[in-house]
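Report on one structure; see the data block that follows.
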Amino acid sequence: MPGPAPAHSPPWPSRRPCGAVTSPARRRRSHPRHGRPRPPTTASLPATPGCSAASRTHATCSTEYRPRMLSPYNTLLSCHFASGDADGARRLFASMPVRDVASWNTMVSGLSKSGAVEEAKAVFLAMPVRNSVSWNAMVSGFACSGDMSAADEWFRNAPEKGDAVLWTAMVSGYMDIGNVVKAIEYFEAMPVRNLVSWNAVVAGYVKNSHADDALRLFRTMVREANVQPNASTLSSVLLGCSNLSALGFGKQIHQWCMKLPLSRNLTVGTSLVSMYCKCGDLSSACKLFGEMHTRDVVAWNAMISGYAQHGDGKEAINLFERMKDEGVEPNWITFVAVLTACIHTGLCDFGIRCFEGMQELYGIEPRVDHYSCMVDLLCRAGKLERAVDLIRSMPFEPHPSAYGTLLAACRVYKNLEFAELAAGKLIEKDPQSAGAYVQLANIYAGANQWDDVSRVRRWMKDNAVVKTPGYSWIEIKGVMHEFRSNDRLHPQLYLIHEKLGQLAERMKAMGYVPDLDFVLHDVDETLKVQMLMRHSEKLAISFGLISTAPGMTLRIFKNLRVCGDCHNAAKVISKIEDREIILRDTTRFHHFRGGHCSCGDYW
């Protein structure tokens, strides 16, 4: 049991709550298990001078219905907390003529959710009567604050452990701090589970990069546990599909939703639009967005962002204008999407106008995301010096992505001075991240400065940096096939290499020349060409070509930025094979059609 009440008194006058009396007889009479309190009769009222029978009857009614008077007070308490007015709730609670256990529970829960866990604890310890809701609120409060050791202690001390809410609070708390193993231990030990419990684990898996486990649990939940999901469940599962690029599974969920009333739910519809965009099926996202009966700003943002990530900036901006015409007020996320669209379409002037107008026209203060977009926009336009000036003039600490964007642009524009500046800042912020070292080494290799390449590699070794291996994957008939550079494990490797050999001959005939700058090893030229042809992107494309019908769109995904030589090769292959090849890297989607890419050769 938690310790005794603190020595300091709570910030409200001490009152005995309704029904809390000292007499054993009256305690029995007021206890919920013994029915409603018996009201006193008019005869029992004290006879005061001038007191008529009518006034005595009014006093009797006031006493009889006293518990009902609490309902408006408790509702107001909840409203204060719901609107973020904890001080108002404190004042109201202090002025309440009577309080029941619901009043105290509302304070404990509201204070916990407001972050005032210690104050909530003081209220809890001052409670004359507690129930399971009181304990649930305290455990949830500690879990939400990230103090799982305290949550664990209070959970063990809770007298009743059959409540799913109590267990779910522990599951969510451990998921929030990234302790998936402990969260699953609690989930598997739960005596009873409800929909919220299942949702906590599904969402926790996705949040902690275990999307494949989230999809497996969802199947178990629906097929074996026979639990009917709600909009929150589907939103988490569809996000998991997006993270895995599992378009096939996402489509199955969409088809399943069409049989349920959930198909008209705004949250589900928006999640489906986002999933289709992130899995590379922009046409399905557009169709679904057009069929939505209602759209809020989140739905508009999802579609605008989708167009932007797929390089269709003009359509994104047209949709932005439509959104405003329909009376939907843009928010800060909208402008991130619009600026992203400007980046991928090269609309530098329009992007600058949006950035300057968002505060003037809509009162939206630019955030670090907007500044990062502006740096990217200026870098794309070749205005590296202006981009550096903007980074230096930011009213807050620049996000590492701003320096990452500058470093990538330095490779395109061969600017070693700013490359070293950007890489230095990135390494200073995170010495263990391999990205900056690799990018800088690439730039030195492109300039044939092999001594500097060696120096960067020694720098990585001294800092114990482990390079994230690049890999690409493609989904064929519901199965994910993953490839790494110079892959030797895939069972169809012979056929993949055979197809690549055929493509190499045809690509050469069409004028393709391997870009040896993307080989970071000082080796023979013939070996460099061979190494380039074994990059993961090309292996995935080759496998897709031999595994699908002619003319079918290929969707390839990569965990790093797409290699420049692979980008050039994909353009040529799309023309040779007369196919659309959609390739998503960490930056954007590349749509290769007829020898061209939607990015305009800048990414």
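For all residues, glycine too, the Cβ spot is worked out from N, Cα and C.
Feature annotations, courtesy of TrEMBL:
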type	residues	note
REGION	1-53	region 'Disordered'
COMPBIAS	1-14	compositional bias 'Pro residues'
COMPBIAS	25-37	compositional bias 'Basic residues'
REPEAT	100-134	repeat 'PPR'
REPEAT	194-229	repeat 'PPR'
REPEAT	296-330	repeat 'PPR'
DOMAIN	511-603	domain 'DYW'
Secondary structure content, the domain 'DYW' (511-603) (per DSSP, counts of residues): 37 helix, 16 strand, 40 coil
Counts of helix, strand and coil residues, the repeat 'PPR' (296-330), according to DSSP: 26 helix, 0 strand, 9 coil
Contacting positions for the repeat 'PPR' (194-229) when only residues 6+ beyond its ends and CB under 8 Å are counted: 164-165, 167-168, 171-172, 174-176, 178, 180, 183-184, 187, 236-237, 239-241, 243-244, 246, 249, 262
Reported mean pLDDT - the domain 'DYW' (511-603): 89
Counts of helix, strand and coil residues, the repeat 'PPR' (194-229), according to DSSP: 27 helix, 0 strand, 9 coil
Counts by DSSP class (helix H/G/I, strand E/B, coil) across the repeat 'PPR' (100-134): 26 helix, 0 strand, 9 coil
